[in-house]
Amino acid sequence: MTVAHAVEQLEVGELRAAHTLFATAIGRPPADDAAWAASSRLGSPDRVLGVHAGGALVATATSFASELAVPGGSVLPMAAVTRVAVRADHTRRGLLTALMRAQLDDVAARGEAVASLRASEARIYGRFGYGVATRGRSVRVRADPTLFRPGAPLVGTVRLLQRDEIVPVLRDVHAGIALRRPGGISRTDGWWAATTTRRVEVDREYVLAAVHTGPDGDDGFAVARPGDASGPEHSLDVTDLHAADVGATAALWRFLLGVDLVESVQARLRPLDEPLELLLADPRACAVTGNEDETWLRLVDVPEALAARDYGAADPVLIAVHDGFLEENSGVYRIAGGAAERVGPLGGPVRPELECTVDALAMAYLGDRRPSELVASGWWTAPEPAAVPRADAAFATAGTPWCGTYF
Ligand SMILES: CC(C)(COP(=O)(O)OP(=O)(O)OC[C@H]1O[C@@H](n2cnc3c(N)ncnc32)[C@H](O)[C@@H]1OP(=O)(O)O)[C@@H](O)C(=O)NCCC(=O)NCCS
C-alpha cells in the first residue's frame, strides 16, 4: 500500500533531533553539545526537511547552497544534499522518495540548476536522477621522500600551519583554486565550521596542516592525521589535499612522505589523474587500493545545466533526455556550435540520435564518462550510431573532473 508522506520544513527546535536521527542511521553516536554547535552550522536551518509519524521525527534530509564548476569555467548554483536518513523501523515505505521529491522541488524553486550528494550506498540515488559524475581513487604510498624521480618538479616551499592559522589559510587557498577544475565546489563557512574547525578546535584531534607557496603565492594545502594506531605501520591519513598544479601536488606529497617516523601515507578519493606514479622513481611505491564514486550529480534544470558548460568542436548531435522525476526536463536537446538547447519534446517531430536518462546524462556532464562508453555499456542508447563519435567530441573535456570536498 502506498501512503502519502507529509514532508515539512523542520522547526529550529527539531534540528538537533534531525541530526541525531542521521547520526544513528549511519551508526554514529549522537553529537555532544560542542560537536552539535559546530555541526549545526553545516546546513541552512530553512533547508532541513522531515517526515513525522506517531508524533516523532522519522525521516530527514538537508541541503545547503554551494556552487559547482562545470567544463569551460562557468559556475552553477548547486544544492549540496546531505544528512539523509530514515529511521530504521520506517524504511522501504517511500519516505526517502517523498523527501527527494520535496527537496528537488525546493532546490528548483531556489533556482539551483544542480544538486549533488555523496552516497552511503551506490544503489539508492539513481532512481531520483543522480548519476556518478566524479570518482576518486584511494592510494597508499610508501613514505620516503627519496623515492621522487630526480626530474620531478621541485618548486616553492611548504610551511606547517599553527592551529589558529589552519582554517583561515586553507579557506583562502581553497577558494582560489577549487573552482578551476570541473567538479570543484565552493565551501561555505558552515562547511568549514562543521568539518575542519570542528576537528581542530572541538575534537582537538592531532592534525598536521601545511600550505604550499609557489611562485604566485599560496597554491595548495594538505591536512593529515595519524592513521590507525593499531595497524602495523606508523602512517598518516590525508583528509584534505588541494593543489593548483603538479608542482604544488608534488611538493605537498614530498612533505607528507618526508615526515619523520611515518612509514606510509594514505589518502581516499584522490583525483584519478593525480600523477603520483609519474613523480616517483619507483612507481610501485604508490599502491592504488580503491576506486570510488565521489560526486553524485543531479541536473535539476537540464536546459540551464546543458547551456552552462562548454562543448568541444563537433558536428551537431541530437540527444533525448528522459527524466521520470522532474518531467519538465524531458525533451530532445541539440548540441551544436559549442552550445546546447532544447529543440523539442520527447516523441515529437525532432528524431533523437542518442537517448539517455537524466542520471546517465550526469555521468557524462562533467567529463567523467564518454558517451561512447555509456552507449557501449547500455547506459545510453544510439538509434543513430554515427552520432556517437560526435557526442564524444562534444562532451570531451581537457582534464578529469574531481571535487575533493566531502559533505
Ligand atoms: C537509504 C535510506 C535513506 C532509504 O530510505 P527509504 O525510506 O527506505 O527509501 P524508500 O522507501 O523511499 O525507497 C525507494 C526505493 O529505493 C529502494 N532503496 C532504498 N534504499 C535502498 C538501498 N539502501 N539499497 C537498495 N535500494 C534501496 C527501495 O527498495 C525502493 O525501491 P522501489 O521503489 O523499487 O520499491 C534509508 O534506508 C536510510 O536511512 N539508511 C541509512 C542511512 C543512509 O544510508 N542514509 C543515506 C546517506 S547518503
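Glycine is no exception: its Cβ is also placed from the backbone N, Cα and C atoms.
Caution: TrEMBL annotation is automatic and unverified by curators.
Copied from TrEMBL, the annotated features are:
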ACT_SITE  Y125  active site, proton donor
ACT_SITE  F407  active site, proton acceptor
BINDING   V84, A85, V86, R92, R93, G94, L95, L96, T97, S120, E121  acetyl-CoA binding site
DOMAIN    183-289  domain 'Eis-like acetyltransferase'
DOMAIN    302-403  domain 'Enhanced intracellular survival protein'
| message | From the DSSP assignment alone, can you count helix, strand and coil residues within the domain 'Enhanced intracellular survival protein' (302-403)? | response | 33 helix, 24 strand, 45 coil
| task | Express the distance between the Cα positions of T97 (acetyl-CoA binding site) and F407 (active site, proton acceptor) as a whole number of Å. | result | 21
| Relative to ligand 1, which of the recorded positions L95, T97, E121, Y125 have a Cβ found under 6 Å from one of its atoms? | L95, T97, E121
| request: Determine, to the nearest whole angstrom, how far the Cα atom of R93 (acetyl-CoA binding site) is from the Cα atom of the residue listed as 'active site, proton acceptor'. | output: 26
| task | Taking Cα atoms as reference points, rank the recorded positions V84, L95, F407 by distance from the residue listed as 'active site, proton donor' and give the first. | result | V84
| task | Pop the Cα-Cα gap between F407 (active site, proton acceptor) and E121 (acetyl-CoA binding site) into the table, whole Å please. | result | 15
| Coarse DSSP state, helix versus strand versus coil, of V84 (acetyl-CoA binding site) | strand
| Helix, strand or coil: which one is T97 (acetyl-CoA binding site) in, per DSSP? | helix
| query | Which chain-mates of V86 (acetyl-CoA binding site) that are at least 6 residues away have a CB under 8 A from its CB, listed by sequence? | reply | A25, V58, A59, L95, L96
| Long-range same-chain neighbours of V84 (acetyl-CoA binding site), Cβ under 8 Å, sequence gap at least 6? | F22, T60, A61, T62, L96, L99, L117
| field | Neighbour tally for F407 (active site, proton acceptor), based on other Cβ positions within 10 Å of its Cβ | value | 23
| request: Within 10 Å of the Cβ of T97 (acetyl-CoA binding site), how many other Cβ atoms can you find? Include all protein chains, please. | output: 14
| request: Using DSSP, break the domain 'Eis-like acetyltransferase' (183-289) down into helix, strand and coil residues and give each count. | output: 33 helix, 40 strand, 34 coil
| request: Please find, for V84, A85, V86, R92, R93, G94, L95, L96, T97, S120, E121 as listed binding acetyl-CoA, the greatest distance between any two Cα atoms, in Å. | output: 19
